[in-house]
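Participant: To start, I am sharing the structure in question, which I have written as structure tokens.
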Amino acid sequence: MLKIFEKLFGSKHEKDVKKIQPTIQRINELQRALASLSDEQLRQKGRELKQKVRGVLEPMELEQQKLFHQLDSPNISLDEAESVNNKLDDLAVAYETATASVLEEILPDTFALVKETCARLKGHTYNVMGRQFVWNMVPYDVQLIGGIVLHSGKIAEMQTGEGKTLVSTLPTFLNALTGRGVHVVTVNDYLAQRDKEWMEPLFAFHNLSVGVILTSMHPALRRAQYLCDITYGTNNELGFDYLRDNMANTPEEMVQRKFYYAIVDEVDSVLIDEARTPLIISGPVPNADNSKFQEIKPWIEQLVRAQQQQIAAWLGDAETRMKTNATDPEAGLALLRVKRGQPKNSRFIKMLSQQGVAKLVQITENEYLKDNSSRMHEVDDALFYAVDEKANTIDLTDKGRDFLSKLSHQDSDIFLLPDVGTEIATIESNAALSTNDKIQHKDALYRLFSDRSERLHNISQLLKAYSLFERDDEYVVQNGQVMIVDEFTGRILPGRRYSDGLHQAIEAKENVKIEGETQTMATITIQNFFRLYKKLAGMTGTAETEASEFYEIYKLDVVVIPTNASVVRKDMDDLVYKTRREKYNAIAQKVEELQKRGQPVLVGTTSVEVSETLSRMLRTRRIAHNVLNAKQNDREAEIVAEAGQKGTVTIATNMAGRGTDIKLGDGVRELGGLYILGSERHESRRIDRQLRGRAGRQGDPGESVFYVSLEDELMRLFGSDRVIAVMDRLGHEEGDVIEHSMITKSIERAQKKVEEQNFAIRKRLLEYDDVLNQQREVIYSRRKNGLLKERLTSDILDLLKDYSDTIVKKYHKDFDTAGLEEQLMRDLSIEFQLDRATFEREGIDAVVDKVYETALTFYRRKEESLPADIMCQIEKYAVLTVIDQRWREHLREIDSLREGINLRAYGQKDPLIEYKQEAFRLFITLLKEIEAETLSLAFKLFPIDPEEQQQIEERQRQSAIRQEKLVAQHDVAESFVGLNDDDEPLPAQPITTEQKPGRNDLCPCGSGKKYKACCGQ
């Protein structure tokens, strides 16, 4: 029905493009008029456009600065500050409106200027990534359409070879005229550097500066790159710089400006594929025990072997039974147990391709899943552990716990978590216990729970490492390190680690050095990072299938841009085989046939393992070929450049994200163009579309086909039932192939299932992170205020007012003057005297005023006794140190909350609602602690006397010895658990000289820890 309406009235994309056509005509008219100008006159046109934009924005920026200066005034009242903040809010809205309006006005002139500049550069030679490049690019009309779509803050879907890199220069140039900085985001350092060097001549012609952010770049150089009009960089580098800026200790350490406009290349890869993985900067856990995995590894290896032996017995039993009765229920149960115990077992996968086997397993599983899985325990009880491959989880069974308890010579109860709620109630109701006894019993219970939960967690992670993560598939081992392979691009992700101890478990499994355990110091999801930009746009060859997600999560509309030349590539139906062996033989035979006739072929694979298997098969047939996967990444540009030459065979792991066009060599067009051969369907239709899109660029001929087997991951997990039923009905024999549009559609339905599941995961992740994001905004705003504001005295005194009110109310009920005096001395180091009669006689407000005035007098005397710059340092140190320490602890508590929150579902509660409520309570507590500790530190910190310096340095040396591991690994920050972070050493900090700190006070050695956890041990 929808297609009928589209034929009658035109599709949404056709209407979008039609609206833009008048602007395109205007741009071309203006460009023809510019052709008669000299180069200098053309440059002058560019300067005039920039002056026009700056003429609108500069007065508003000056007004903004004036208002900020008013806020910094120490004499400003609370009412005046509120009025200024309201003016700033109104001005910010007016500023964005004015920016959008003036850019819209000059868009045709600017695009015409860029097009004419491209025409003038034609024929010039430039050096790009060490190669000579001749400029021959002038934007077509469809590229101008793409540029307008990007400027509008939308996603432009443009086919491979349509010149997306050039298209991005149009809105980039236009928005760079504001002077606010434009970020062009790519998927890797190579493309960021290449695109910067490639497009720089165009921007340099008009004196626009261009920078690039690369991994391992020094902070000072990063700052210079961000100050450029246009900055190229990867999403990870931009995101980590944002997190590091919010951990900076001085304004000079910050590198980024405010976020204005970003264009994301391969936007689907960045905003969808990578969105499941948050960016995390982490540091090591003090006193962490890295030997825990080695201790339990021998037990787990024996457990895995025992399960494998049991699986082999069940497979043998099932085969025997099915010889006499193909639908034997006992055979079905045995095979279901194999599926639950070792789903990747190669013998089991081969059996599933036999007639009737998959159907028997499905019928058996449905039987045990009835009534809300009430009988599934009958299946799992025979296993040592149950594997849910789709949910990526493993559950240790009672049988497994008994097995481990015998190996460890301990009671099986050590693998069971105590019911804390019930146990606490029992302790509380025990009248025989004193208050002290109850506290000790509770502490013992919490320690027991912590020890057992950690042990179970480590066992679960090791079982995952052995059962769900395979070498050369999810990861590779290089130079004694476990390196993650990007599932979407096939690239190695250097510096990244799986979180929650999983990476350490894999390191233990592979017998390489186990790196230190880490804790989160700063984190943000990709979704929330890109929401920081005032305007966001993206381009890709494949966005339409994810249009609803782009709009729902990012409010980004997708517009399909027509191609400059019609696509003539032939996309054939999938070829389906029963087993992988049959499929691989057919692929090798097809490649040999294509090479003999000289047609270049690109074989796309989904893992390193498959690419190496096919490579071995081609070598045995003496077929020359190139391999591009995570292990041969360094030859990428060279391999891609040769892929379209006559007779070339290229095997590439997930070629989709490579970002480089494959150009056809001489005589290849006549042979049918580049032949794309997919070795299996990816779980995402987009990745398959991207692979097909490598052929048929700019009207070139090409062919594409996917070879699929029922043993492939996608088919095995999500889609083979219907296909197997068809094959069974047709009496399919080994070696036969099925090619039918119905089969292709069935496979696409399976992909859609996976896409829906992944979207649900990403959406849920965002819902959880939105809670933390609101908290992050508050904390980072406070921290930035503390870092950038010249004087923080007014903020400290605001805290003092709240503190005075809170503490007086706390002790007023019992008129406890001793308690009030003691806490004021402990918290603020001030002497305060008040007799009970006065406390009773005077109202709360009067006593609050007395406390405030006494504390204020003390603080003013401190200000007078110290140089202004020292006082400023003390205030900044107090604010930043407390926020950083408490925020880290809060993130750890939030991580713990997230890990266990899903268990609330068993109590018929929505885990998300529970998470929001618990996280809010934790955050309120956090804010109170930050305010109290900041105030305390600001009052109690004093510079040390010279004669005490030697003693303090000795204490710091002792502290440094204990923290050596922390300092050495502080900079290790990885996505999945962070990315390397080269922070410079902190400047010397002011230290308190009070005689005896309290156990919960910050340690006077300057470590930032509590006294009881540092020098007070």
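For all residues, glycine too, the Cβ spot is worked out from N, Cα and C.
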Participant: Of ASP661, ASP666, ASP688, which does Swiss-Prot put in the ATP site with GLN143, GLY161, GLU162, GLY163, LYS164, THR165?
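Facilitator: Answer, per Swiss-Prot (ATP site with GLN143, GLY161, GLU162, GLY163, LYS164, THR165), from ASP661, ASP666, ASP688: ASP661.
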Participant: Give the residue from the binding-site residues GLU162, ASP661 that has the most other Cβ atoms within 10 Å of its Cβ, counting over every protein chain displayed.
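Facilitator: The residue with the most neighbouring Cβ atoms within 10 Å is GLU162.
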Participant: List the residues in the vicinity of the ATP site, defined as same-chain residues other than GLN143, GLY161, GLU162, GLY163, LYS164, THR165, ASP661 with C-beta within 8 angstroms of the site's C-beta centre.
Facilitator: MET158, THR160, LEU166, VAL167
Participant: Which secondary structure state does DSSP assign to ASP661 (ATP binding site), in the simple three-class scheme?
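Facilitator: The residue in question, ASP661 (ATP binding site), is coil (DSSP, three-state).
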Participant: How many other Cβ atoms are found within 10 Å of the Cβ atom of GLY161 (ATP binding site), counting all protein chains shown?
Facilitator: 22
Participant: Rounded to a whole angstrom, what is the largest C-alpha distance between any two of the residues GLN143, GLY161, GLU162, GLY163, LYS164, THR165, ASP661 that the record assigns to ATP?
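Facilitator: Spelled out: the longest distance between any two Cα atoms in GLN143, GLY161, GLU162, GLY163, LYS164, THR165, ASP661 is 17 Å.
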Participant: Which one, from the binding-site residues GLN143, THR165, has the smallest tally of other C-beta atoms lying within 10 Å of its C-beta?
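Facilitator: Sparsest of the binding-site residues GLN143, THR165 by Cβ contacts within 10 Å: THR165.
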